[in-house]
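J.: The structure is given below, and queries will be raised subsequently.
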Ligand code: GDP
Ligand code: MG
């Protein structure tokens with residue numbers, strides 16, 4: 001039998017728990033939701049993000065009014081970076097995360113249940129998830145340069 005030969009390799013995405021999530025003690029709750037869904041943590045690290053990595057990570061937003069406040073916010077405390085694996089995990093994690101604006105994010109999602117954006121210059125929406133296979137490959141290389 002050769003049933004498995006044509007299967008696509010399992011997909012990977014880059015997840016960040018942003019400084020608001022780490023500061024509020026929500027890293028465990030967020031990782032719990034990822035694992036409860038059935039996704040697998042391939043690599044996890046807690047680190048202080050550099051301005052260089054953040055400018056490259058958020059390059060698509062350079063020039064927007066929220067760009068500099070966003071970079072500053074992302075440097076306000078440690079970030080938890082994770083490589084998460086699973087079938088259709090790029091789309092699936094963004095479903096778990098919910099809409100970018102925590103006020104609009106549906107209940108049941110990470111941002112809808114736990115995120116805040118009132119009175120803040122940057123949406124403190126707890127998590128980042130890659131938005132395409134190309135972004136995932138680029139972002140995993142940026143945050144985990146040693147990972148095969
Ligand atoms: P994401 O892919 O859902 O994280 O959203 P984007 O890639 O569009 O934006 C990156 C991050 O910038 C978001 O997660 C927010 O933290 C922040 N952000 C995006 N849009 C806005 C905005 O209109 N206003 C503010 N204050 N922050 C924003
Ligand atoms: Mg994005």
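Placement of Cβ uses the backbone N, Cα and C atoms for every residue, glycine included.
Taken from TrEMBL, the feature domain 'Nucleoside diphosphate kinase-like' covers 10-147. Positions annotated as ATP binding site by TrEMBL: 18, 66, 94, 100, 111, 125. The active site, pros-phosphohistidine intermediate annotation in TrEMBL covers 128.
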J.: Just to be sure I understand the packing, how many Cβ atoms besides its own are within 10 Å of the Cβ of residue 94 (ATP binding site)?
T.: 18
J.: Once the DSSP letters are reduced so that anything not helix or strand counts as coil, what is the residue listed as 'active site, pros-phosphohistidine intermediate'?
T.: strand
J.: For the domain 'Nucleoside diphosphate kinase-like' (10-147), jot down how many residues DSSP puts in helix, in strand and in coil.
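T.: Reading the DSSP string over the domain 'Nucleoside diphosphate kinase-like' (10-147) gives 59 helix, 28 strand, 51 coil.
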J.: Less than 6 Å between Cβ and the nearest atom of ligand 1 is the rule; apply it to the binding-site residues 66, 94, 100, 111, 125.
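T.: Near the molecule: 66, 100, 125.
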J.: What residue among the binding-site residues 100, 125 has the most other CB atoms lying within 10 A of its CB?
T.: 125
J.: Ranking the recorded positions 18, 111, 128 by other Cβ atoms within 10 Å, which is at the bottom?
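T.: So among 18, 111, 128, the recorded positions given, the one with the fewest Cβ atoms within 10 Å is 128.
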J.: Between the Cα atoms of residue 66 (ATP binding site) and residue 128 (active site, pros-phosphohistidine intermediate), what distance do you get, rounded to the nearest Å?
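T.: Per the Cα atoms, residue 66 (ATP binding site) and residue 128 (active site, pros-phosphohistidine intermediate) stand 15 Å apart.
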J.: Out of 18, 100, 111, which of these binding-site residues is nearest residue 128 (active site, pros-phosphohistidine intermediate) by C-alpha distance?
T.: 18
J.: Relative to the Cβ position of residue 66 (ATP binding site), how many further Cβ atoms are located within 10 Å?
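T.: Excluding its own Cβ, the number within 10 Å is 13.
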J.: Can you tell me how spread out the ATP site is, meaning the largest CA to CA distance among 18, 66, 94, 100, 111, 125, in Å?
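T.: With 18, 66, 94, 100, 111, 125 as the binding residues for ATP, the largest Cα distance is 21 Å.
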